[in-house]
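According to TrEMBL, the protein carries these features:
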type	residues	note
TRANSMEM	50-74	transmembrane segment
TRANSMEM	116-142	transmembrane segment
TRANSMEM	148-168	transmembrane segment
TRANSMEM	189-209	transmembrane segment
TRANSMEM	221-244	transmembrane segment
TRANSMEM	265-298	transmembrane segment
TRANSMEM	304-332	transmembrane segment
TRANSMEM	344-363	transmembrane segment
TRANSMEM	375-408	transmembrane segment
Amino acid sequence: MKRMVVNSNTPLEVEVNKEIIFSYDVEYQESDVKWASRWDSYLLMSDDQIHWFSIVNSLMIVLFLTGMVAMIMLRTLYRDISKYNELETQEEALEETGWKLVHGDVFRPPSNSDLLCVYVGTGVQFLGMVLVTMIFAVLGFLSPSNRGGLMTAMLLLWVSMGIFAGYASTNLYKMFKGAEWKKIAAKTAFMFPAIVFVIFFVLNALIWGQKSSGAVPFGTMFALVFLWFGISVPLVIVGGYVGFKKPAMEDPVKTNKIPRQIPEQAWYMNPIFSILIGGILPFGAVFIELFFILTSIWLNQFYYMFGFLFLVFIILLITCAEITIVLCYFQLCSEDYKWWWRSYLTSGSSGLYLFLYAAFYFFTKLEITKLVSGLLYFGYMLIASYAFFVLTGTIGFYACFCFTRLIYSSLKID
């Protein structure tokens with residue numbers, strides 16, 4: 001007998017230590033929808049208007065920054081360079097102020113240069129992984145119907161991009177006149193993955209403690225460790241060897257033996273202030289897409305707008321590069337030549353804003369009351385924010401690196 005039960009008007013009495021029997025009926029109906037199109041009703045995103053609004057909003061930021069960079073490059077730099085190259089006497093050159101005065105210090109290796117090399121290498125690994133994953137997703141290779149396909153692809157791409165990480169870190173290290181490339185390659189292979197693995201292991205232990213089926217099995221953990229030690233580490237070492245064997249880039253200007261004294265800076269050129277300001281625009285370019293991604297992860301919604309995501313990612317790359325160049329130019333104009341770490345942290349600080357937004361999302365959108373669930377959320381978002389910091393920081397660093405080489409190679413210095 002088939003009966004439709006909408007609601008139960010007569011509640012069932014529940015007695016202590018008595019069994020409660022639940023039952024349900026299933027009726028299968030034949031469907032005209034083809035098997036390949038079964039997911040369409042779930043994957044059809046109707047709210048694409050807000051995504052276009054987000055992209056237009058981000059493009060406005062990009063246009064504004066592009067205008068500023070173009071103004072710096074065309075008006076200021078070319079005027080400054082031609083004026084500087086016309087100076088005849090050394091006395092006149094000394095009277096000049098701004099970025100040209102620090103030409104003898106601008107390529108001086110920074111403090112903690114080893115750590116910078118490691119972070120830049122890790123960022124290159126991330127950039128390669130994200131770009132290839134995005135292209136695969138846009139072309140339709142990573143369907144959400146294949147559960148875990150996206151994560152598996154990202155992990156495999158991460159380990160295979162290790163060769164580029166090793167190359168980037170040791171080549172930069174060689175430019176800083178370093179000799180112990182094996183140490184740098186080893187740090188690149190272990191530092192970021194080790195931090196992430198420790199956080200992941202602690203979170204997984206918490207899930208195990210709750211006896212949840214969502215815990216990652218021991219076999220999968222072993223497979224992850226094998227991918228790391230068996231594939232990623234050797235590739236980073238190989239990349240490191242190749243990177244160190246390649247000739248290092250020559251600095252466009254000679255570095256003075258004695259470091260120049262940095263004059264007192266204005267309050268708005270304070271490193272902490274300018275670093276925090278630099279992260280706002282890259283984060284502003286992605287935060288609407290970020291809302292949809294967080295919703296898909298934590299509220300079981302589907303996210304299938306990889307085309308929009310790819311556009312936003314390209315906008316993010318441009319924004320990170322341009323905001324860092326603009327702030328780096330202002331820094332050099334105020335005769336502060338310590339740009340290496342500042343360029344990395346300026347765009348990298350968007351990772352901090354990502355974590356703050358994740359905290360805001362937790363308290364406004366999610367109804368998580370259990371401590372373990374809250375710890376899981378913040379643990380995973382900490383990993384995501386850290387990865388975002390490494391990725392955006394590397395983009396900003398390379399933008400600044402190319403910018404400083406370009407402007408100082410244009411100067412005629414005897």
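Note: Cβ is positioned from N, Cα and C throughout, glycine not excepted.
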Check: Where, among 50-74, 148-168, 189-209, 221-244, 375-408, do we find the most CB pairs under 8 A to the transmembrane segment (304-332)?
Finding: 50-74
Notebook entry, point to check: List, by number or range, the same-chain residues at least 6 past the transmembrane segment (116-142) whose CB is under 8 A from its CB atoms?
Noted result: 110, 149-150, 153-154, 157-158, 161-162, 164-170, 172-173, 176, 178, 184, 187-188, 191-192, 236, 306-307, 309-310, 313, 340-341, 344, 387, 390-391, 393-395, 397-398
Next item on the list: Using a Cβ distance cut-off of under 8 Å, indicate which of 221-244, 265-298, 344-363, 375-408 has the most pairs with the transmembrane segment (50-74).
Entry: 265-298
Checklist line | Chain residues in Cβ proximity to the transmembrane segment (375-408) (below 8 Å; excluding those fewer than six residues from its ends, i.e. six or more beyond) | finding: 77, 81, 99, 103, 106-107, 116, 119-120, 122-124, 126-127, 130, 192, 195-196, 199-200, 202-203, 206-207, 249, 252-253, 278-279, 282, 298, 316-317, 320-325, 328-329, 332, 339-340, 343-352, 354-355, 358-359, 362, 366, 368
Checklist line | Surrounding residues of the transmembrane segment (344-363) on its own chain - C-beta under 8 Å, 6+ positions past either end | finding: 116, 119-120, 274-276, 278-280, 282-283, 287, 290-291, 294, 298, 320-321, 323-324, 327-328, 374, 377-378, 381-382, 384-390, 392-397, 399
Check: By a Cβ-Cβ criterion of under 8 Å, what residues six or more beyond either terminus of the transmembrane segment (189-209) are in contact with it?
Finding: 118, 122, 162, 165-166, 215-216, 221, 224-225, 228, 232-233, 236-237, 372, 375-376, 379-380, 382-383, 386-387, 390
Checklist line | Outside the transmembrane segment (265-298), six or more residues from its ends: residues with CB under 8 Å to it | finding: 50-51, 53-54, 57-58, 61-62, 65, 305, 308-309, 312-313, 315-316, 319-320, 323-324, 327, 330-331, 334, 336, 342, 345-354, 357-358, 361, 365-366, 377, 392, 396
